[in-house]
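From Swiss-Prot, here are the annotated features:
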TOPO_DOM  1-20  topological domain 'Cytoplasmic'
TOPO_DOM  41-75  topological domain 'Extracellular'
TOPO_DOM  99-126  topological domain 'Cytoplasmic'
TOPO_DOM  150-188  topological domain 'Extracellular'
TOPO_DOM  212-270  topological domain 'Cytoplasmic'
TRANSMEM  21-40  transmembrane segment
TRANSMEM  76-98  transmembrane segment
TRANSMEM  127-149  transmembrane segment
TRANSMEM  189-211  transmembrane segment
Amino acid sequence: MDWKKLQDLLSGVNQYSTAFGRIWLSVVFVFRVLVYVVAAERVWGDEQKDFDCNTRQPGCTNVCYDNFFPISNIRLWALQLIFVTCPSMLVILHVAYREERERKHRQKHGEHCAKLYSHPGKKHGGLWWTYLFSLIFKLIIELVFLYVLHTLWHGFTMPRLVQCASVVPCPNTVDCYIARPTEKKVFTYFMVGASAVCIILTICEICYLIFHRIMRGLSKDKSTKSISSPKSSSRASTCRCHHKLLESGDLEAVPADDKLQASAPSLTPI
């Protein structure tokens, strides 16, 4: 598997991600992909070859191995890493769609026309929803794979001895021994822990996106209210100053008749 191409594809997501997304990407590549490529593949590389059973019955060892390992840990983790990084491609595709739409708009209306998007990679409008759904998909995928891993092997431990009972073509209960169980258990705990960290980071990023969206909406409401309120506030302040001047005696009260005369229009003969 060429992890370098996957890294090159996902490196473009960094410029559209939040701080939590950048940390998530670092955890994926440093603590999961590198550990998978450098160490985990070697530990599980010869697991079927070193799976020993105390029987000479042809085919019994293979059947017992398949009974206990329906799918290998290393292949399950490879699928998990591929599936968990695929939702990030949605963001890249959406940004590419915006850029292409902007390019066609400029070709049609000229270079000096108004832009469709102030910044194609800014998380506003549909791109915000695409980013949010990609995070939800990643969270669901992580949880599903952890559940599958826990269900297939009845936990995250790696036993030294497994027994195959009533499995054809094995004649009776067969004891089988797993190679390097302690080392495999350590790597399993490490990969599960890294997956749990990614789940926490994804939840934090979802909460951050929603909180940031709410705060931005509240700030827009405040700005619209502040634009519409200066006239009323200036009138109120003028009235307060007028009453204070009347109370201090600096301003004489105008009689009602003078007010009427002042407010009445002056009519001149034609």
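Cβ atoms are placed via backbone N, Cα and C, with glycine included.
Set these features in their place in the structure for me.
Cβ atoms under 8 Å from those of the topological domain 'Extracellular' (41-75) belong to residues 149, 152-153, 162, 164, 167-171, 174-180, 183-184, 187-188 of the same chain, restricted to positions at least 6 beyond its ends.
Counting residue by residue with DSSP, the topological domain 'Cytoplasmic' (99-126) contains 12 helix, 0 strand, 16 coil.
The average pLDDT computed over the topological domain 'Extracellular' (150-188) stands at 85.
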Please indicate, using numbers and ranges, the residues of the same chain that are 6 or more beyond the topological domain 'Extracellular' (150-188) and have a C-beta under 8 Å from a C-beta there.
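35, 39-40, 43-44, 46-47, 50-55, 57-61, 63-65, 67-68, 70-71, 73.
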What else in the chain is close to the topological domain 'Cytoplasmic' (99-126), if you only count residues 6 or more beyond its ends and a Cβ gap under 8 Å?
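Residues 15-16, 209.
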